[in-house]
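The structure appears below as structure tokens.
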Amino acid sequence: MCGIVGAVAQRNIVSVLIEGLRRLEYRGYDSCGVAVLANGEPRRARSVARVADLDEQVRDTKLAGETGIAHTRWATHGAPVTDNAHPIFSRDTLAIVHNGIIENYEPLREMLRGKGYEFVSQTDTEVIAHLIHSLYRGDLFAAVRETVRQLHGAYAIAVLHKDQPHTVVGARQGSPLVVGLGDGENFLASDALALAGSTDRFIFLEEGDVCELKLDGVRIVDRDGEPAPREVRQVAAYGGAVELGPYRHFMQKEIFEQPRAISDTIPQADAFDPSLFGDDAPKVFGKIDSLLILACGTSYYSGLTAKYWLESIAKIPTQVEIASEYRYRDSVPNPNALVVVISQSGETADTLAALKHAQSLGHVHTLSVCNVGTSAMVRQTEFTFLTHAGREIGVASTKAFTTQLVALFVLALTLARIRGHLSDAQESSYLKQLRHLPAALNSVLALEPQIIAWSEEFSRKENALFLGRGLHYPIALEGALKLKEISYIHAEAYPAGELKHGPLALVTEAMPVVTVAPNDALLEKLKSNIQEVRARGGQLYVFADSDTRIVNAEGLHVIRMPEHYGLLSPILHVVPLQLLAYHTACARGTDVDKPRNLAKSVTVE
Ligand code: M6R
């Protein structure tokens, strides 16, 4: 999704800006650009191709300057064409880059047209540029502060002005923005990762903050204009570049990293103690009477899986909602509920907004399950459980999902213990199972050659159905999401019992039906559903536990899972579905790590 980088220094900062954009590339974008003050004039280069093309342009044109801003754009208002690419100028005087969406851009545009401003792009961003220009009276910081007071919606912006050398002004509301502190130079970015090559000292701006970067320091005020001292945090972990190693794509690498990621996420402690979630958790967890889980996409599916664990092991009522739906419906708040937000990035706009909405309704206890310790979500929740997936580059989430499942399983066991539903013997048995998971996963990864053989056939299909039951229905949903997002094959998932209520009409020889078949209480029911598909000529592709007695036959293709894993089985069964999606996408030649139209971190609503 959109990315911002800005810098003021006493050296040419174009290469810093381009390097920052490169680091943000994995998030997905469709155009990019950079602007600097060159001899007191804003100059820019923009491209609707990759950052590498932008880099070539700036080298060819010898674009150089000591004050600059840069951007990767994921189109919202206006097509991905050069005129809509950022930086956007106002009257060749100031330049702006913007993440987010301005909801009241139409009345503002009319008002500015009335003042004689001409619009050359279809972006909502151009409104901000002209508004700052119209309010500028020799002080960019003041003009930006006055401007943001008139904006409705979400934004992170960085602005430079021809009359203010060595100055970049930034502001944020609903979209992340971080200041990077250097020696005699300072930086701004939408993600600290972008600045990893330049500094390891960061200030994470808070909602409503406006900042001014100069060579010798940074000024920050809050939404009321009051000076806002913000904590400086040293974050060295952003340092290392992520290498692809022997893998073809980051998605493949990340699938194979799962045993390590899971092992890093499983707590070292020998008991499931609430303090794993925060110092005050022992006091609070004993009092909560239900859970409200809010998330999007793959993270939502991890929440759906966790509902089965939470209700069956901890016997605690659990509601799971798509964040973007929850925030816009009337709901009944329960101050004794624990609100759990799940997110890889911790910056997903819909989930952040749902969290804020829950808090505004009176929910007091909040927990984030998140992969990024410095993210807004972690900062805005009372409790945190960090997953240790490591940086996930592929847009399709894989290791983030399985580590979220581990975290949520630990939550279920912790609540079960506190609520008296977990004996010591059960606790040590679950701990043993968790610790064996990485080894079990390695055996599943060894199925890759068999899955590659199936993927050849899938690559020639345009539709697929995924079936699962109980705990594995969310896994079927996740398998279908993986296949559609990276191979562009239309895929839908159903709880297998629902088949005869409609989707069975779709089943023909041309429709592959992928089925997740663990050896659990629903196996016999699932076998009946399998027969319903076979009887109609459907082609079944089944991932079956070893002792299910489901065997290869006409129309029935079986890959045998190495071992049955009880309640933790979803963590194993999702992996072959990830591999199936990955190899099918490779066979179709799609851009696996950066699928069309998608972004890694969805920071707009
Ligand atoms: O960073 P988050 O976990 O909050 O992201 C949520 C979704 O945008 C994300 O899971 C998305 O669905 C992935 N592309 C799925 O692979």
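From the backbone N, Cα and C atoms, a Cβ is placed for every residue, glycine too.
Curation does not apply to TrEMBL; its annotations are automatic.
Quick look at what TrEMBL annotates:
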type     : residues : note
ACT_SITE : Cys2     : active site, nucleophile
ACT_SITE : Lys600   : active site, for Fru-6P isomerization activity
DOMAIN   : 2-216    : domain 'Glutamine amidotransferase type-2'
DOMAIN   : 281-421  : domain 'SIS'
DOMAIN   : 454-595  : domain 'SIS'
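According to DSSP, the domain 'SIS' (281-421) comprises 61 helix, 28 strand, 52 coil.
Same-chain residues at least 6 positions away in sequence with a Cβ under 8 Å from that of Lys600 (active site, for Fru-6P isomerization activity) are, in sequence order, Met1, Tyr26, Arg27, Gly28, Ser345, Glu392, Ile393, Val395.
Sequence-distant neighbours of the residue listed as 'active site, nucleophile' (same chain, 6+ apart, CB under 8 A from its CB) are Tyr29, His71, Thr72, Arg73, Trp74, His98, Asn99, Gly100, Ser190, Thr603, Val604. Confidence over the domain 'Glutamine amidotransferase type-2' (2-216), given as mean pLDDT on the 0 to 100 scale, stands at 95. According to DSSP, the secondary structure content of the domain 'SIS' (454-595) in residues is 68 helix, 32 strand, 42 coil.
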